[in-house]
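**Q** Annotated transmembrane segment per TrEMBL: 15-33, 40-58, 64-81, in sequence order. What TrEMBL lists as domain 'DAC' is 82-208.
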Amino acid sequence: MNILAIIANFKFQDLLDILFLTVVAYHLFIWFQGTKAFKALIGLLILGAVFTMARAWGLFLTTWVFQFLWQILVILLVVLFQSEIRQVLEKVNPLQRFGFRRQKKTEEWIVDFAKGIFALAGEKTGALIIIERDERVQEHMTEGQHLESTPTPEVLKSIFQKESPLHDGAILIREGEITEVACYLPLTPAEGLPKEWGTRHRAAIGLS
């Protein structure tokens with residue numbers, strides 16, 4: 001009888017409600033898939049299902065415990081996965097679709113950047129360069145100095161030449177601009193790497 005009553009009282013607004021939640025759940029699944037927060041999101045959904053069943057079955061103590069822990073759990077997840085949450089919020093930012101997002105001037109800097117890289121390779125000068133895309137990597141870096149400059153051959157050479165105080169570290173390129181220099185990255189703990197590989201090689205693998 002309860003099911004028949006629900007069907008009889010089913011309205012168009014209820015259909016829209018279901019469709020909206022389905023679309024939101026689908027996009028959350030897509031956006032978080034492959035991130036550290038994905039398993040936490042699945043666990044959160046399972047806990048939500050258990051909480052719903054506990055309320056439906058009248059389990060007072062279980063419901064009370066879930067209500068008490070729910071707020072703490074949400075705050076804890078926000079603190080632990082703030083970078084993933086920030087990335088999702090940036091993806092759903094409606095201003096990006098109307099051209100308010102800063103345009104990446106790829107064509108303007110990539111040619112000079114490539115020339116600088118080949119010049120360093122020709123001189124056998126080592127360089128560790130991070131080109132940031134959608135995922136923020138600054139939280140994985142330590143120390144570093146802020147710098148605003150275009151990655152021209154002259155700038156790259158001045159940074160990575162052995163006499164430069166900034167050469168021992170990585171540089172970060174964001175949206176076609178050098179934003180950080182002399183950054184230290186986490187070294188990979190992987191074993192079996194070639195002995196001739198130095199800290200730059202291990203740092204590059206550690207970041208990836």
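Just so you know, glycine gets a Cβ as well, placed from its N, Cα and C.
All TrEMBL annotations are machine predictions without curation.
Describe the structural context of each listed feature in the structure shown, including burial, neighbouring residues and relevant distances.
**A** In terms of DSSP helix, strand and coil, the domain 'DAC' (82-208) has 52 helix, 26 strand, 49 coil.
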**Q** How does the model score the domain 'DAC' (82-208) in terms of mean pLDDT?
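**A** Mean pLDDT, the domain 'DAC' (82-208): 79.
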